[in-house]
Structure formats: C-alpha cells, structure tokens
Amino acid sequence: MVEPVLSKGNNCLDAAKACNLNDTCKRFRSAYITPCTSSTSNEICNKRKCHKALRLFFDKVPPKHSYGMLFCSCRDVACTERRRQTIVPVCSYEDREKPNCLNLQESCKKNYICRSRLADFFTNCQPESRSVSSCLKENYADCLLAYSGLIGTVMTPNYIDSNSLSVAPWCDCSNSGNDIDECQKFLNFFQDNICLKNAIQAFGNGTDVNVWQPILPVQTTTATTTTASRLKNTGSETINNEIPSHNDSPACANLQMCLLHIFSTVKGSANLMV
C-alpha cells in the first residue's frame, strides 16, 4: 500500500531536480553516483568507495535536499521506485547472497562508525505503542538522522520494495538456529518500525504529528550535530548495540522545530566543510 500524500506529481523527481539546483547537493550527489555506478573488472562497482561517498553525501548535504530525495512522499510506483533507487542499491545495498542478520550485526560492531550509528538508530527510532507519535523519544528528527547515518556502512538499509515504507538491511534470518527469535527481533526493528515509518511519512508530507503537549525543544548531541561530528562523541568501545527497552523523556515535541534546527545547523556545517 502506497502511503497517502498531500501533493500531486512525483515528489522524488522534484527533490532530485532541487538537488541539482543546489551546488552542495549536486556536487556530493555526483560524487557518489560515479563510484556507485562504475563497474570494475570483477565487480558491479567498488562498494567501499560507494559507501564512503554516500556517507559524505548524508554528512555534508543539508537535510532539506538529502532527506528530500530519501524520504519523499509518493502516490505511485514510479515515485517510490525512484526513492528506492536514491542510494544506487545495486551497488550500495544488494549483494550476491544475503548474510544472516546477526552475522551482519557482528560485522557492524567491528567498525566504530557502523557500531556507533547502529546504536544511535536503536536509541532514536525506538517504537513505543503508548506514545501518540509511536516513538519512545517522540523525536522524528533524531530518528531520521540516525537512519540516514547508517547509509554507507555494512548495515546500509533501504526500502525493501516499491510498495511500502518498510526498510531493512541486506540480510535475512536463514540459518539462525536457536537464535531465530533474536534475529527476527533485529530484522523487525527495521521492517516493522512504526516510529521510523511515521517519521518518514511526516517528513515526506511536510506535516507534523502535533498531538503531544508542546514543550521547548531540548538540544541533544544527535539533533544538533551532523553525523560526521557525532562520531567523535560516539566512537567509544563501550557503545551498546542491543535494541533498547528503557524509558526516556521526550527530547523534542515539534517535528518542524526540530528539522528547522537541524537544517540550519547541518547547512552551516556543510558550508564550512565544503
């Protein structure tokens, strides 16, 4: 089922056009398209270079443009397929075989970038059925930032098809043995994450699930830095990559206030780094 939208036309195509009109977005988009589409003698592409370029894109391009292509709202398959193709999945996402998700998680833990960003995702996209936003932290902005931070790592997620907002890393739970429940829990955190789905839909539609009690946004490390600078604070060996079950207080009650803060912060950082 394709998610509802408020506007007509292909929003993902419009977002790509807007990217091309922005010097920073156009520059870093071209920088990942090249390695992600250039085949080598034995491989479809150089996945390592593709991943590095994707990380630079999402670290340095203002979310207004990078999120615009990744989280655009759609009303037809042509649009959703363009959205799915944003990260050039044939190179950055897919592989000859799907590894077991728990094995992929172990590989992620061995790399400090992937480990810290996966921990961010578990923390900031934690669903909560009793919350009106379906997010434990009721902070869509932090969830989207954490999700996009995984792109360009071995845990790179993407939309699993062109018919829904379900996402997953390139893995499955075959050959899990006695760990099948743990593996399925890990995979479902991506595929059936209502917090993430609501965050994507709210951004794509330009709407705010503005039904909780408004409070002044509290600055958090994740919400006020780019994913690049965030690594300096989360590269500790003690980072926990287990799916959390704790109860945190809301960090930001208004999506558009959060996103406005992120846009201005990340844009400023990007301009300094370019």
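Note: Cβ is positioned from N, Cα and C throughout, glycine not excepted.
The structure displayed is predicted, hence computed values, not measured ones.
Per TrEMBL, domain 'GDNF/GAS1' is recorded for 12-91 (among others).
Annotated domain 'GDNF/GAS1' per TrEMBL: 101-195 (among others), in sequence order.
According to DSSP, the domain 'GDNF/GAS1' (101-195) comprises 50 helix, 11 strand, 34 coil. Regional average pLDDT for the domain 'GDNF/GAS1' (12-91) in the model is 94.
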